[in-house]
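**Student:** When I checked TrEMBL for this same protein, it listed these features:
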| type | residues | note |
| --- | --- | --- |
| ACT_SITE | B:S154 | active site, nucleophile |
| ACT_SITE | B:D317 | active site |
| ACT_SITE | B:H350 | active site |
| BINDING | B:R224, B:D351 | substrate binding site |
| DOMAIN | B:50-322 | domain 'AB hydrolase-1' |
| SITE | B:R319 | site 'Important for acyl-CoA specificity' |
Protein chains: 2
Amino acid sequence: MSGTLGYVETQRVVLADQDDPLLLRGGGRLDHVEVAYETYGTLSPARDNAIFVCHALTGDAHAAGLHLGAKKRGWWDNLIGPGKPVDTDRFFVISPNLLGGCSGTTGPLSTDPATGTPYCLDFPMLHMTDLVAVHRRLAARLGVERLYAVVGGSLGGMQALQWVIDDPDALDRALLVAASSRLSAENIAFSSVGREAIMSDPDFCGGRYVEQGVFPWRGQKVARMMAHINYVSPQSLEAKFGHRRRSHGDDWTLQPDYEVEHYLQHQGQVFLDRFDALSYLYLTRLLDYFDPFADPGTAAALRRTRTRFQLTSFDSDWRFDSAQSAALTEQLRDLGVEVDWAELASPFGHDSFLLEPPGYHERIAKFLA
Amino acid sequence: MSGTLGYVETQRVVLADQDDPLLLRGGGRLDHVEVAYETYGTLSPARDNAIFVCHALTGDAHAAGLHLGAKKRGWWDNLIGPGKPVDTDRFFVISPNLLGGCSGTTGPLSTDPATGTPYCLDFPMLHMTDLVAVHRRLAARLGVERLYAVVGGSLGGMQALQWVIDDPDALDRALLVAASSRLSAENIAFSSVGREAIMSDPDFCGGRYVEQGVFPWRGQKVARMMAHINYVSPQSLEAKFGHRRRSHGDDWTLQPDYEVEHYLQHQGQVFLDRFDALSYLYLTRLLDYFDPFADPGTAAALRRTRTRFQLTSFDSDWRFDSAQSAALTEQLRDLGVEVDWAELASPFGHDSFLLEPPGYHERIAKFLA
């Protein structure tokens with residue numbers, strides 16, 4: 001029987017301090033790393049039932065269940081819960097906010113212990129392996145040495161891939177949904193325009209907007225509106241909005257009029273409340289630079305892993321399209337890695353990984369069985 | 001033998017004044033309309049060899065040849081000239097800047113005769129038929145009653161379509177390249193984000209930036225960078241730029257680094273010198289609202305026209321994709337209009353209409369023969 005999780009709470013834990021700093025791939029270090037995370041289900045006595053969930057660009061630790069007083073359930077609540085594909089009756093699920101984020105885990109707006117003020121642009125550039133290093137510390141802190149699976153969509157899937165590269169023996173299964181091992185030039189182009197919008201906003205204040213008491217909301221809204229078009233598909237926009245307007249006939253305006261415009265306005269506006277511009281800059285940039293197969297150590301690590309991969313892509317996804325999953329499948333198979341890849345039909349574009357297109361949840365459930 | 005035009009000059013002519021104002025479809029009127037235009041070739045004694053060129057969103061009157069002292073030839077110089085598909089040895093070519101533009105023809109930055117100050121946001125909303133009305137005045141002023149052809153790409157093609165609807169007997173041929181008779185929800189979505197970037201720029205000053213001595217350059221640059229991604233194809237960006245960077249290894253930065261980013265920065269920057277933000281708002285909005293087949297008079301006009309249509313679309317164009325040309329072809333044929341439509345293979349996306357993919361120029365030459 002499939003049910004839903006009840007109330008859940010976000011926990012916090014310090015995973016790096018001055019005695020045990022996080023040394024970063026880019027050369028810097030973080031002397032204080034705090035992580036926000038949630039867990040669902042119970043760790044088995046054998047500690048062999050842990051599934052780690054990695055979130056996408058603008059996600060957070062609250063993947064499933066309900067926060068006290070909140071109306072909206074976690075962002076992957078349809079996938080995670082009792083009797084669901086990621087079955088909390090069976091698995092112990094760990095879901096953190098990622099390093100560089102803005103929902104409880106250390107990021108650019110956190111206080112730099114060296115100065116007592118927010119890092120802002122002094123926050124170091126993050127590599128995928130830095131995010132995974134924090135995940136590994138969290139798993140260890142929770143008493144988990146070996147993972148039954150790591151599951152992630154989009155940027156989340158890339159963390160799962162990096163995890164196998166960094167620790168080829170730690171995962172039994174890696175489930176990557178709508179992910180990529182290397183962004184296209186067009187992917188980078190769109191992200192670059194979003195960053196331009198944010199950094200050229202006068203209220204960006206050279207990245208120190210928090211200390212000025214302002215936020216680059218105009219630019220951040222534009223960046224999100226544009227990115228949102230990337231997350232859906234042309235056909236889903238057409239089906240949902242077509243040419244419907246709020247005004248009529250020749251009553252034309254330069255202001256938003258078509259329903260699709262009001263929808264984007266809403267998407268841009270709500271994003272301002274829940275996400276920080278600096279985290280957006282750092283995490284989109286991390287995605288641009290992600291290119292693990294350019295790293296000489298990757299092939300050796302993957303050759304010896306016994307982690308089984310499941311890749312899922314969606315035919316209408318033009319953010320990280322199926323060709324990117326196909327390329328990654330080939331890269332992995334060339335190294336002898338076992339990969340089960342499928343492209344599923346879904347009209348919802350990249351956002352399909354958060355929804356329930358036919359065959360998707362069944363596929364994940366089967367791989368975890 | 002194919003040659004090129006020599007020096008050409010932009011002319012100006014007043015086509016509406018208080019005695020003969022331009023009455024607009026939306027209800028307003030313009031008491032002074034000045035048009036910048038160029039002509040190439042010579043009008044035949046029988047006045048039967050005129051070809052009218054309609055430019056796209058950010059084009060201008062300078063379609064071919066060279067301005068004295070300039071280095072860059074007109075934007076459609078590869079198509080128009082002696083011995084070229086639009087053969088200036090044979091045809092008399094008329095190429096104006098469109099109404100609402102910012103390159104010599106009356107637009108939002110022109111002086112409102114009623115106030116003596118620039119219109120800015122008091123400029124009336126323009127319909128496609130208003131642009132065509134000015135074109136028709138210009139043709140008449142130049143002594144042309146009947147057109148051998150009207151040729152246009154993108155927005156230019158839409159003007160050609162509207163012209164046939166407005167005056168079904170005036171054109172022998174209408175050549176529409178990479179055009180559409182109705183934008184998709186995604187098309188509108190992208191344009192809306194561009195307008196948001198411009199109008200939310202503090203230097204937009206409620207549209208009266210000129211009087212403040214500033215320009216919404218930050219927003220206009222973002223709008224153009226984003227739109228430019230729309231004009232090219234993912235495969236052309238990949239082929240041209242791939243993952244090439246200017247920095248090396250782990251020397252990461254939030255600032256532009258990948259070549260594709262520097263390219264977009266350049267595209268955004270040069271656009272500021274040559275285009276006005278208000279014209280961009282008005283003309284993108286005109287495109288959003290263009291929907292001639294929703295107009296009850298359209299079918300009757302097209303049923304009686306004998307204008308022959310040639311539609312050309314490109315397989316990698318995702319701004320106005322082939323499906324839009326296919327839909328227009330069907331709409332026209334359902335009304336008994338003769339249409340020759342072809343989708344050509346070209347990797348260059350929407351911008352293909354300005355380039356020379358195989359078969360394209362030959363196709364236009366043949367239709368004009």
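Residue 1 is the first one shown; counting continues down the chain.
Each Cβ is built from the backbone N, Cα and C atoms, and glycine gets one as well.
Remember, TrEMBL labels are computer predictions, not curated facts.
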**Student:** Sort out the sequence-distant neighbours of B:D317 (active site) for me: same chain, 6+ apart, CB within less than 8 Å of its CB, listed by position.
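**Tutor:** Those within reach of B:D317 (active site), by Cβ under 8 Å and sequence separation of 6 or more, are B:A178, B:S233, B:S346, B:G349, B:H350, B:S352.
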**Student:** Within 10 Å of the Cβ of B:R224 (substrate binding site), how many other Cβ atoms can you find? Include all protein chains, please.
**Tutor:** 24
**Student:** Excluding near sequence neighbours, so keeping only residues 6 or more apart in the same chain, what lies with its CB under 8 A of B:S154 (active site, nucleophile)?
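**Tutor:** Long-range Cβ contacts: B:A56, B:L57, B:V177, B:A178, B:A179, B:R319, B:F320, B:H350, B:F353.
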**Student:** Taking 10 A as the limit, how many CB atoms besides its own sit near the CB of B:H350 (active site)?
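**Tutor:** 25, counting other Cβ atoms within 10 Å of B:H350 (active site).
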**Student:** Show which residues of the chain containing B:D351 (substrate binding site), separated from it by at least 6 in sequence, have their CB under 8 Å from its CB.
**Tutor:** B:Y231, B:V232
**Student:** Tell me, how many other CB atoms lie within 10 A of the CB of B:R319 (site 'Important for acyl-CoA specificity'), whichever protein chain they belong to?
**Tutor:** 23
**Student:** Under a three-state reduction of DSSP output, how is B:D351 (substrate binding site) classified: helix, strand, or coil?
**Tutor:** helix
**Student:** Determine the mean pLDDT over the domain 'AB hydrolase-1' (B:50-322), rounding to the nearest whole number.
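**Tutor:** Mean model confidence (pLDDT) across the domain 'AB hydrolase-1' (B:50-322) is 97.
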**Student:** Where does B:R224 (substrate binding site) sit in the DSSP three-state scheme?
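**Tutor:** For B:R224 (substrate binding site) - judged by DSSP and reduced to three states - the answer is helix.
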